[in-house]
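K.L.:
Handing you a structure now.
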Amino acid sequence: MALIDAIHAREILDSRGNPTVEVEVLLSDGQIGRAAVPSGASTGEHEAVELRDGDKGRYLGKGVQKAVDAVIDEISPALIGFDATDQRSIDQAMIDLDGTPNKGKLGANAILGVSLAVANAAAASADLPLYKYLGGPNAHVLPVPLMNILNGGSHADSDVDIQEFMIAPIGAETFSEGLRWGVEVYHNLKAVLQEKGLSTGLGDEGGFAPNLPSNRAALDLIQEAIKNAGYTPGTDIALALDVASSEFYKEGAYQFEGKALSATEMSAYYAELVADYPLVSIEDPLDENDWEGWKTLTDTIGDKVQLVGDDLFVTNPVRLQQGIETATANSLLVKVNQIGSLTETLDAVSLAQRSGYTTITSHRSGETEDTTIADIAVATNAGQIKTGAPARSERVAKYNQLLRIEEELDDAARYAGRSAFPRFKG
């Protein structure tokens with residue numbers, strides 16, 4: 001039995017140049033686990049609290065020294081001597097120590113950093129890769145990468161409302177093949193943009209961020225790039241969206257493409273998109289508090305396309321249960337820092353999968369070189385992962401880890417492919 005001997009934390013930088021928390025956990029057998037915490041740009045109002053210092057004279061108020069101090073001064077003394085394999089008790093001890101419903105005292109960034117570092121240390125102590133430690137012998141499904149190759153919304157400085165336009169290589173036989181297809185489309189998209197005199201500047205997640213006249217124009221450009229790369233839209237490579245609609249929901253209406261639209265009008269818009277394009281997934285199509293609109297949308301097109309709750313569910317089992325009971329949405333986006341501990345994340349995934357919801361393991365727009373989510377995706381047989389474009393090392397790090405996992409699994413590896421999207425009829 002390996003016990004927790006010491007816990008240390010520090011401030012490091014994320015991919016946007018903002019501070020974040022990194023934690024190291026030392027076990028009694030000498031093994032060390034390390035984890036760094038991501039940060040979102042478009043955050044749901046129901047997410048656990050990311051503790052920032054607020055000192056405008058240091059990192060423009062975005063320092064995380066308070067969270068670092070919480071790890072060193074409060075969490076560490078409370079966890080010394082715990083069995084590192086008892087993840088649930090460790091996470092619960094931190095939740096109890098915090099004592100708030102949203103981890104607002106210690107900070108979800110402090111608690112999550114320790115939670116993930118403990119798991120990494122325990123896996124090292126067991127001489128197992130993290131995905132096998134967490135998922136056991138059944139952890140063998142490689143996820144379809146939802147690759148964000150064109151950015152709009154709060155991830156880019158452009159007139160495109162939808163935040164992410166993604167490609168999903170559903171027709172590939174293996175993860176490595178699917179990744180290659182995605183990379184080839186990404187480079188072909190750059191060539192298409194250059195040919196049309198459009199910007200090839202990058203957004204937060206490595207996707208291109210051109211100024212386009214409409215959201216449909218973005219989908220048309222991506223389909224052109226897919227064809228130029230030698231693939232067939234809908235058969236080889238499908239499309240997916242993250243609308244992040246809470247970002248443009250103002251005063252009871254969706255401020256979309258220059259108009260103020262109702263939930264019913266937005267639903268009609270999405271129904272047209274699903275009819276016109278090979279869309280397998282639409283994330284956050286409506287506001288995080290618009291449960292009535294979400295229910296209507298699910299009833300309208302939920303049998304044809306994956307409808308993903310990100311801001312709606314914030315990886316929270318309580319909010320997810322509300323969705324399940326009302327048959328609202330049909331997929332859960334899984335972001336470890338939304339709920340703030342590994343145990344609660346795995347509980348949410350388990351609840352979703354038992355209830356017939358698909359799951360997508362996801363990064364945040366502010367990322368680090370930490371690859372824990374790649375292992376979580378395989379450990380939970382999620383079938384899908386969102387970790388940005390095949391560019392920028394903080395995104396590519398996760399893809400490279402999945403390549404290593406696929407190689408290690410060898411003949412046992414199975415690529416989720418088209419089966420990850422059971423509602424897609426294209």
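Going from the start of the chain as shown, residues are counted 1 onward.
Just so it is clear, glycine is given a Cβ too, placed from its N, Cα and C backbone atoms.
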K.L.:
Can you pick which of Gln92, Gln163, Gln194 Swiss-Prot lists for the same (2R)-2-phosphoglycerate site as Lys335, Arg364, Ser365, Lys386?
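P.N.:
(2R)-2-phosphoglycerate site check in Swiss-Prot: besides Lys335, Arg364, Ser365, Lys386, the record includes Gln163 out of Gln92, Gln163, Gln194.
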K.L.:
Using only what Swiss-Prot says about Mg(2+) binding by Asp242, Glu283, identify which of Asp220, Asp303, Asp310 is listed for that site too.
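P.N.:
Swiss-Prot lists Asp242, Glu283 binding Mg(2+), and from Asp220, Asp303, Asp310 it also lists Asp310.
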K.L.:
In which DSSP state, out of helix, strand and coil, do we find Glu283 (Mg(2+) binding site)?
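P.N.:
DSSP call for Glu283 (Mg(2+) binding site): strand.
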K.L.:
Indicate whether Asp242 (Mg(2+) binding site) is helix, strand or coil by DSSP.
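P.N.:
Its secondary structure by DSSP: strand.
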K.L.:
In terms of DSSP three-state secondary structure, what is the assignment for Gln163 ((2R)-2-phosphoglycerate binding site)?
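P.N.:
It is coil.
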K.L.:
What are the non-local neighbours of Lys335 ((2R)-2-phosphoglycerate binding site), defined as same-chain residues 6+ apart in sequence with CB under 8 A from its CB?
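P.N.:
Counting only residues 6 or more apart in sequence, the Cβ neighbours of Lys335 ((2R)-2-phosphoglycerate binding site) under 8 Å are Pro38, Gly40, Asp310, Val314, Thr315, Ser362, His363, Arg364.
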K.L.:
If you measure from the Cα of Asp242 (Mg(2+) binding site), which of the recorded positions Gln163, Glu205, Ser365, Lys386 is the nearest?
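P.N.:
Comparing Cα positions, the closest of these recorded positions turns out to be Gln163.
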K.L.:
Looking at the binding-site residues Gln163, Glu283, Ser365, Lys386, which has the shortest Cα distance to Glu205 (active site, proton donor)?
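P.N.:
Its closest listed neighbour, by Cα, is Ser365.
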